[in-house]
């Protein structure tokens, strides 16, 4: 856009609109009809009507959402009003006199203003021209000066009965600070009392501007003005203004030949337009006040106006565009109990949406009219034909490009489906595309037609029955499938499908059946989760012939795989994904997803669990090239705000052309790229939030948030200013550093959001603008509401600077190559400072032949080949100075504090586990000993018969078992044997459980330790790479400094050799050229060396990580081997423990020991201590 010739002019108000027309305004609720005169102010800001008592009502044109005439306008329902308008008379022609104006803050909260004209067809002209004013791109994208002018127009229109401006209107217009309003009125010598009034003649535009300057002074603009005007002079000459425009307001990336800078004679036009002083205009001077209004003018719009018009190529295939899409369009609130309304289809289409959704269900008797509702919820119903009628009315009011109707068809009645098809044919008429275009047949490999080819057409997205004859519908839960089509429904004999096509469809059906069989193996919870994510979309029925015949270029098919889709190569097939499924595909196969969207279309919609109608962020799916990213238009949250803001561009057509890399099949695009994208120049964006104006109706502290939406590799940081120093919402100033987004990889996919918040995080206003639509320089940013409506008062004053991204390493070299003369002249000025650093300079300039002077003063050129040796030496020297970086070894990583601490904790856990196991083992043995003692005591009571004079003595457990003389020594009590077997079994189980616990705990420890080592290794390696990069940058800068010092040495030596000015200039140019080549060569060599070192470093780091991962398998194998060895010897250990513990109680099991009877000896049998065996078992475990 040229600075002096804005592309877009403000809307033109036709004379008859400003002159006015007589109407009758009626209200159905009150049954009142009032004669009014309807007008539009000459500047097109307000639609207003005046009653007979001179009372006036206003409607801001920016709030108008629709105008309707004839049968689409509201019709009185009150009998009283019907009698007033003689509606019962057949020759009344009432519909030719109607006019309805629809306005509201969003798409749900609407107000209808109804008028009836005295003449026929008057309402038609008013409806068309008023809507054209409301939808004009400059109505909501007007410059700051226009919004300030709207305030003046409204003040002058709201007059009291005496024809004067009430002062109280000023207080209502600027409610934030009444005292400041009074002071500003006083400064302009105007009345300031609450009950006073001002004569409109005393308040012209010049006085109004003075009032604004007093109410909202702009010290920040005064500072800018001071930095460019002549010292001690209160004005800026046209030369100074030209310099300011070319340096600050001009995009530095523009080519000076194709886009020449401003010239003083052109700038004089701006001074004539904005300078309030006539004397200054004659002298070509601009005052500070003129500077303020210049920065508020259309020449300094923050937007590139040409992007608001249709400026993109609209002849590409349909799948090469992002398409503004809606989900569950009929709902006005939540997904469970919200109201449904046909009006939502009008509002969504008027906002620029080109894809709407219709959830169709079978109507109930007796009418059996198909309905639209959200199935299995408490949402209300609307008739299908009402929705179709609304779409037919509003489809092409704001955009001529094709509309896609996305049917979610649950109507399993052939008769009702036929009725749906008939409604579409009759109401849409010629706009309904029923047959493919001749040049774009439905064949594999044939691309889709373009939006231009489909201009003014409506396309149906519905399941298509690919074969002739009806297909039986699938049963929904609790329903019964109906029979075949009735005879009244025609069936085509030839559907145009070849045998190859039928085979492909059969293959898809087989795959779908296999997937359904696999889904049958899922548990109930997984099936419920899948159904809740998809909502009712998975319950669609099969299309019958009538509806199927309407489907052509948008044929929904169940997604199978990217490979399958690529093999079939059918551009007319579209698949729908929930946000979760799309995110999964994007995460696992992002590049395949992008390639899929190059060939055919995809639709993404919110998951079924978003019962509050909230939205997901659409940016991630735009990054993958998904065309129809459907959102809930009734919820104006941040995702919807971004969608509304971006689709406002390209003429609000609902179609945005994707980037070339997302369209060309020979190019690969990875949305997760973090480095660079081939051939795409990254952008650096810097934004400084300077001040705000009229941000709130209350005196509060405010702050500003700045956020970037784009690729995952873009800078994702959200910046925020501090709170304004004082509670001042009229003109707060933030003196902070600029917010910099250093590397925006693909500017075409990025957008900037700037939001103003009140203290306490209350939303005040925001703006979302694509990066490619921004202009560099100082700009006033007019804010929008949450529903993207233009706000009259609030604005921000910002400074934007956009330039091509250049790494710091190449910054100096880029400047030198872009403007070598300017760069080296600047370096010459630094030579004096460097002279003391460089020390004594050599007498000879090069190592070859010295420069000499002839007797006549003519210079002699330096020896041949003097540049190359220096360049080579410097490059080698730079390469030698770069040391090869090292990475941490495996041993060093093992000694890291975090790893050692974790190992100690694991060792402690293992010791505790083994201690508990040993204690349990000991308890089992002691319990067995106690049970054995009890058995032997019982046996002793039956068999022992002590003598008369015998003395009672305490015996050990084994002594209590007395063997009778007739009883063999090798026979034992069977209960004792049973006790022994049970004890061995319990010990066996305890040992197995203990060994398994140890193995499981060791495996867990190995996993945790390896994960910890991997985490610390990655952190350390990231720090190593960062240090390496910082060191590399430092080395490069030092090398450049050395080369610069060397250049200065050569120039100093040259001046000593010859005094001829011409020769000096020539030799100086040679030295500078040589220096540039030398720097380029040295930087190239150093960069190659650094890249090699970085590759080696990354290879070592990768090898280290692989070693750590290999350790996990080794440790687990070792733990498993130990476990298997212990389990193998457990049985023998158990028997040995039992035998050793009770060896004297089971004499038959003692190895190589003679049988002995306790009866034969009076001595006690020896008993092993219990604790010693338990200790042995603990040490073994």
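Heads up, the Cβ atoms here are built off N, Cα and C, so glycines get one too.
Swiss-Prot names 328, 357, 359 for binding Ca(2+). Of 275, 408, 422, the residue it gives for the same site is 408. Taking Swiss-Prot as the reference, the stretch among 762-814, 974-1026 described by the feature coiled coil is residues 974-1026.
Cβ environment of residue 327 (active site): 357, 605, 606, 630, 631, 632, 633 lie under 8 Å away, each six or more residues apart in the same chain. Counted with DSSP, the domain 'PI-PLC Y-box' (547-663) comes out as 45 helix, 21 strand, 51 coil. Reported as a whole number, the C-alpha separation between residue 359 (Ca(2+) binding site) and residue 374 (active site) equals 7 Å. If you count neighbouring Cβ atoms within 10 Å for each of the recorded positions 328, 357, 359, 374, 408, the highest count belongs to 328. For the recorded site, residue 408 (Ca(2+) binding site), the DSSP three-state label reads strand.
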